[in-house]
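Feature annotations, courtesy of Swiss-Prot:
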- 1-22: region 'Disordered' (REGION)
- 1-32: topological domain 'Extracellular' (TOPO_DOM)
- 33-57: transmembrane segment (TRANSMEM)
- 58-69: topological domain 'Cytoplasmic' (TOPO_DOM)
- 70-94: transmembrane segment (TRANSMEM)
- 95-109: topological domain 'Extracellular' (TOPO_DOM)
- C106-C183: disulfide bond (DISULFID)
- 110-129: transmembrane segment (TRANSMEM)
- 130-148: topological domain 'Cytoplasmic' (TOPO_DOM)
- 149-172: transmembrane segment (TRANSMEM)
- 173-196: topological domain 'Extracellular' (TOPO_DOM)
- N194: N-linked glycosylation site (CARBOHYD)
- 197-224: transmembrane segment (TRANSMEM)
- 225-246: topological domain 'Cytoplasmic' (TOPO_DOM)
- 247-270: transmembrane segment (TRANSMEM)
- 271-278: topological domain 'Extracellular' (TOPO_DOM)
- 279-303: transmembrane segment (TRANSMEM)
- K290: N6-(retinylidene)lysine (MOD_RES)
- 304-349: topological domain 'Cytoplasmic' (TOPO_DOM)
- C316: S-palmitoyl cysteine (LIPID)
- C317: S-palmitoyl cysteine (LIPID)
- 325-349: region 'Disordered' (REGION)
Amino acid sequence: MDPTNSPQEPPHTSTPGPFDGPQWPHQAPRGMYLSVAVLMGIVVISASVVNGLVIVVSIRYKKLRSPLNYILVNLAMADLLVTLCGSSVSFSNNINGFFVFGKRLCELEGFMVSLTGIVGLWSLAILALERYVVVCRPLGDFRFQHRHAVTGCAFTWVWSLLWTTPPLLGWSSYVPEGLRTSCGPNWYTGGSNNNSYILTLFVTCFVMPLSLILFSYANLLMTLRAAAAQQQESDTTQQAERQVTRMVVAMVMAFLICWLPYTTFALVVATNKDIAIQPALASLPSYFSKTATVYNPIIYVFMNKQFQSCLLKMLCCGHHPRGTGRTAPAAPASPTDGLRNKVTPSHPV
């Protein structure tokens, strides 16, 4: 195909358009594309396995189907869709060195990755809010029921649709980004149309959920510390408090590590059109955010002992490896287990 026919490139250039042919060595060396393909391949396999396990185990074991666990399944579904619609597409494109599926599917990929990514992001915020309401009891003796959980899950999808559909209708757009093997919101063009959308997206889909997470977990930690202070200051209690603190810090840091580089890059590029950023460097925040689909279920689900028990029973065909026969011996609950399950819910507190 004649590269001068591509609408993405000015005439008289030897660089193919992002949908026309390999972008190496014009954007980056071929080795860079293959390295990203390897990373995306690892993410696709790992995220598909861990999120698939979360969904299957939650469906199979009734005791995991509590209202407070709905949001964890919602998060796993969103992460699985990001993997299927984003990471797998990026894997194929990086092997070929360009966006092989064409402009229309570029827009669809950008939309689907943004939609499901923001659903996952807001799922983390709703989970934090649920933990705050259940543990800190600002509403008194309020119990989450199925309708509350369904409402929370529905909100994440409706809110995300509200802010990811406009680029399909003319308010900004979805375009190839970085190495030009994945698509996302148009941070690059500038102008009031794009800048107003980027600013709105930043506030509604990053600042707001981050504020909710920080508020909820800060109050949760203070409540748990106050409860621990009323108990005997034994080594076990202190260990439980330290473990919960580390878990909360891990949750917040995982959120920031995933989304802060991406949003920072977007704002810098959107507000400084003259800045020159290497394509490989510009791609890092986007690809790095996709790795959250692997560690989200590990932090929020696999660290919960009740889920671990159900997972082991399923993988071992009903036989618990830590016990004899088909059931595991009951172990007394420790303060560590109790406080940890307040942060990563397996059942209402």
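Heads up, the Cβ atoms here are built off N, Cα and C, so glycines get one too.
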Please compare the recorded positions C106, C183, C316 by how many other CB atoms fall within 10 Å of each one's CB, and tell me which has the fewest.
C316
For C183 (disulfide bond) and K290 (N6-(retinylidene)lysine), determine the Cα separation and express it in whole Å.
13
With DSSP, how much of the topological domain 'Cytoplasmic' (58-69) is helix, how much strand and how much coil, in residues?
9 helix, 0 strand, 3 coil
List the residues of the same chain that sit at least 6 positions away from the residue listed as 'N6-(retinylidene)lysine' in sequence and have their Cβ under 8 Å from its Cβ, in sequence order, or write 'none'.
M40, V43, V82, T83, G86, S87, S90
So what's the mean pLDDT when you look at the topological domain 'Cytoplasmic' (304-349)?
62
Local Cβ density at C317 (S-palmitoyl cysteine) - other Cβ atoms counted within 10 Å
7
For the residue listed as 'N-linked glycosylation site', the number of neighbouring Cβ atoms whose distance to its own Cβ is within 10 Å equals 20
DSSP-assigned states of the topological domain 'Extracellular' (173-196) in counts, ordered helix, strand, coil
6 helix, 8 strand, 10 coil
How many whole Å apart are the CA atoms of C317 (S-palmitoyl cysteine) and C106 (disulfide bond)?
42
Cα-Cα, whole number of Å: N194 (N-linked glycosylation site) versus C106 (disulfide bond)?
18
What DSSP gives for K290 (N6-(retinylidene)lysine), in three states, is helix
Could you tell me what the rest of the chain brings near the topological domain 'Extracellular' (95-109), counting residues at least six beyond its ends with Cβ under 8 Å?
16, 18-24, 30, 33-34, 37, 85-86, 89, 167-168, 173-176, 180-183
Give the helix, strand or coil assignment DSSP yields for C317 (S-palmitoyl cysteine).
coil
Taking only the CA atoms, the spacing between C106 (disulfide bond) and C316 (S-palmitoyl cysteine), expressed in whole angstrom, is 42
